[in-house]
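Engineer: Pasting the relevant annotations from TrEMBL:
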BINDING   H255, H305, H372, H562  Fe cation binding site
COMPBIAS  16-31  compositional bias 'Low complexity'
COMPBIAS  70-82  compositional bias 'Basic and acidic residues'
REGION    16-43  region 'Disordered'
REGION    65-86  region 'Disordered'
Amino acid sequence: MSPAMSSLCTFAALSGAAGRAPGRRGSPQGGNKKRAVAQPLAAGAMTEAPAAAAAVVIAPPARPVVTTPRRREPGRDGRDSGASENVAWKSIRQERWEGTLELEGELPLWLDGTYLRNGPGLWDVGDYGFRHLFDGYATLVRVSFRDGQAVGAHRQIESEAYKAAKEHGKVCYREFSEVPKTENFLSFLGQMASLFSGSSLTDNSNTGVVRLGDGRVLCLTETIKGSIVVNPDTLETVSKFEYTDKLGGLIHSAHPVVNDTEFWTLIPDLIRPGYVVARMEAGSNERRFVGRVDCRGGPAPGWVHSFPVTENYVVVPEMPLRYCAKNLLRAEPTPLYKFEWHLESGSFMHVMCKASGNIVASVEVPPFVTFHFINAYEEKDEEGRVTAIIADCCEHNADTSILDNLRLHNLRAFAGQDVLTDARVGRFRIPLDGSPFGELDAALDPEEHGRGMDMCSINPAHVGKEYRYAYACGARRPCNFPNTLTKIDLLDKTAKNWYEEGAVPSEPFFVPRPGAVDEDDGVAISMVSAKDGSGYALVLDGQTFQEIARAKFPYGLPYGLHCCWVPRDK
Ligand SMILES: CC(=O)/C=C/C=C(C)/C=C/C1=C(C)CCCC1(C)C
Ligand SMILES: CC(/C=C/C=O)=C\C=C\C=O
Ligand SMILES: [Fe+2]
């Protein structure tokens, strides 16, 4: 039995903790009783008139698709949430759209390819509003750049979870914080049984999007079954990505490390607390076992949303925010959802040799909370011997309340108070000389980026290697969510910041200029949900961090998480 499969058997054995139906009903977003999941495209299915700046449909499908997506204005408790509620936190109503974007500024002519962004864009089904940012059904956004022009599009990913919600008008799979309501004891038993197989877990791949070395584009989330192949041109859902190996597992790190030749992933083992490190060759669907890390603390492995690699090593983080089998079974969310904080269990960083699978370092570090590692590299002495591993992450000051910050109610309720918890670039130094302890410090003064820090990207040529620049979301306070874009200079320990009042920008994704020599020679692309309800792709110069251009969508965009770049000739 696979590690994660056996973990789920344990979840089922703990079923005493489960079975209560979610008590939260109510009339989300103004009590509109109409089914909220976007309806399939059909002639006449448009529910609102197109915006004045009507978009041009390119390559129109057999039936018309273009409209300004419909939204419900008030908050999910039925109250009007007021002007502070940004379009970033409103569900997108239309399943898909495509059209030429209106430009302000001049796009670089070398920018030739497609920027893709994945993220949760639809946070309600039937008359039920979701609880957490991470619950939303996946919405892919595309901006294709060519000859100084930009074409935009969005489309819902047709996961089983999304299709079932659309068909039945209710949540049918276990999402990050949502659990399907059981109507009677029999269906409750059925749901418990389905935990054994993992069949009740979501495949809503709303987190990442990566271009594999063989050209396939894969959307991902934390469940392994939520790996879905999409077409980067049409945004169509192509197929489920079937792993053909026998590694099994039900959950994995939402962020594999991917390049033109390989794909590295981490599979947590909840039964025998630890992690399996696996590698998949480009062109293959078979993950191969590389090695295993046994946890040093805790009743369960620490949450691994992401992890970094260097040229020769895989870095496996073990944070005190740990998976919790009991919480997985619960119908009502706990304060930390499927996780538990075990400060007493310690925090560790492990380093595995990529070639042998051997652990070369395992050190205790100060407590930390992170979703996203930024990068890692090998520190060398004058003779070229590797002395330590440096690993950087967006670190939330060991404070788990960031998870609560990301509840939709909190995101929609901004009334001017500064409620975003502090974050920093956390830099680990993991010595390879057998020392039992590693270090964790801020890589620069967090005031440089307003003490907000998440959703980062770097020049892809520097992944696993020494690097100087990181692009991320930072904060201009007061705020309840990262509201700036920041370019971090890890050498000078300074930051350059972009800010527009009331705007919610998403991950600034760095695209290098072909042929560039300088690490920051390129652009950072972010999708912005603006204060006036509009949305645009913002293109910033990677060096000066000044705006070069913006490409405006004729409608506002919901928030999104992670991005990738598909060059035209690939
Ligand atoms: C969007 C994001 O960053 C994280 C999404 C996380 C998800 C969808 C987690 C899902 C899970 C389950 C549905 C059950 C098992 C635990 C867990 C991995 C948290
Ligand atoms: C959006 C986010 C954190 C923001 C806080 O500063 C985290 C997203 C995690 C999943 O990809
Ligand atoms: Fe993420």
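Glycine is treated like the rest: Cβ placed from N, Cα and C.
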Engineer: Including all protein chains shown, what's the count of other C-beta atoms within 10 A of the C-beta of H562 (Fe cation binding site)?
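Structural biologist: The answer is 24 other Cβ atoms.
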Engineer: List, in sequence order, the residues of the same chain other than H255, H305, H372, H562 whose Cβ lies within 8 Å of the centroid of the Cβ atoms of the recorded Fe cation site.
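Structural biologist: Residues close to the Fe cation site, other than H255, H305, H372, H562: T207, G208, S253, A254, S306, F371, F373, L561.
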Engineer: Fewest other CB within 10 angstroms, which one of the binding-site residues H255, H305?
Structural biologist: H305
Engineer: Cβ-Cβ under 8 Å from H372 (Fe cation binding site), same chain, 6 or more residues apart: which ones?
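Structural biologist: In sequence order, H255, H305, S306, C393, C394, D454, M455, C456 meet the Cβ cut-off.
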